[in-house]
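Q: First, the structure itself, so that you have it in front of you.
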Amino acid sequence: MKLYQIALLVTLTFQSCYSQNSNNKKETMENNKKNPVYSTTDSSKVTLKDEEWKKILSPEVYQVARQKGTERPYTSKYETSKEVGTYYCAVCGNPLFKSDTKFESGCGWPSFYEPISKSSMIYLPDNSYGMKRTEVECSRCKSHLGHVFEDGPPPTGLRYCINGVVLDFEKAKAAEKKYNEGEKH
Ligand SMILES: [Zn+2]
């Protein structure tokens, strides 16, 4: 083997190692590196003490999810997003909504007319601030998500008004999208 051939071989070997490493480093979901309870497939209930939640959640998520806070209206990147995919609980990964049930309500928060399944949420009466409202919590981790109102569009007539900070979004796989588009034609 000539010297230039060896040099080429070495270069190619380095290149393939490099691209493998960078693939391994890719994160599939945002900001869940230090959250051990986050899973999009495990449906077993999560119960942690308040101080444990404080440790694993960002201050923004903790304030809404665990202290029933409300994010400022018109601040969530998901409010007007029309991307196709699935919305998960940002605290525990429980699948909550499909993008095709999302609509523009103009209320300032991401709005949906139907959850992925009835059992993905818990419904609780909320009479705070002199209002009669229904609070929705994630059924897996009991985090506060938002409220549901009865002024939504058909077919349900419901409006799930959800804080974007407690949502995680995953785009539908490109292949699935192509498949669905093929079906329409
Ligand atoms: Zn959850």
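Every residue gets a Cβ built from N, Cα and C, even glycine.
Here the structure is a predicted model, which means the values were calculated and not measured.
According to TrEMBL, the record shows the following:
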ACT_SITE  C161  active site, nucleophile
BINDING   C89, C92, C138, C141  Zn(2+) binding site
COMPBIAS  24-33  compositional bias 'Basic and acidic residues'
DOMAIN    50-172  domain 'MsrB'
REGION    22-41  region 'Disordered'
Q: Quick check: in three-state DSSP terms, what is C92 (Zn(2+) binding site)?
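A: Once the DSSP labels are grouped into three classes, C92 (Zn(2+) binding site) ends up as coil.
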Q: Around the C-beta of C89 (Zn(2+) binding site), how many further C-beta atoms are within 10 angstroms, looking at every protein chain?
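A: Cβ-Cβ neighbours of C89 (Zn(2+) binding site) within 10 Å number 25.
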Q: Inside 8 A of the center formed by the CB atoms of C89, C92, C138, C141, which other residues of the chain have their CB, for the recorded Zn(2+) site?
A: V46, A65, A90, V91, G93, N94, S139, R140, K142, S143
Q: For C141 (Zn(2+) binding site), list the number of other Cβ atoms lying within 10 Å of its Cβ atom.
A: 20
Q: Measure from the Cβ of C92 (Zn(2+) binding site) and count the other Cβ atoms within 10 Å, all protein chains considered.
A: 25
Q: Could you tell me the C-alpha distance between C138 (Zn(2+) binding site) and the residue listed as 'active site, nucleophile' in angstrom, no decimals?
A: 13
Q: Between C-alpha atoms, which of these binding-site residues comes nearest to C161 (active site, nucleophile): C89, C92, C141?
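A: Ranked by Cα distance from C161 (active site, nucleophile), first place goes to C89.
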Q: Which recorded positions from the list C89, C92, C161 come close to ligand 1, meaning a Cβ under 6 Å from one of its atoms?
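A: Going through C89, C92, C161 in sequence order, those close to ligand 1 turn out to be C89, C92.
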Q: What number of additional C-beta atoms lies within 10 angstroms of the C-beta atom of C138 (Zn(2+) binding site)?
A: 23
Q: Tell me, how many other CB atoms lie within 10 A of the CB of the residue listed as 'active site, nucleophile', whichever protein chain they belong to?
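A: I get 23 for this one.
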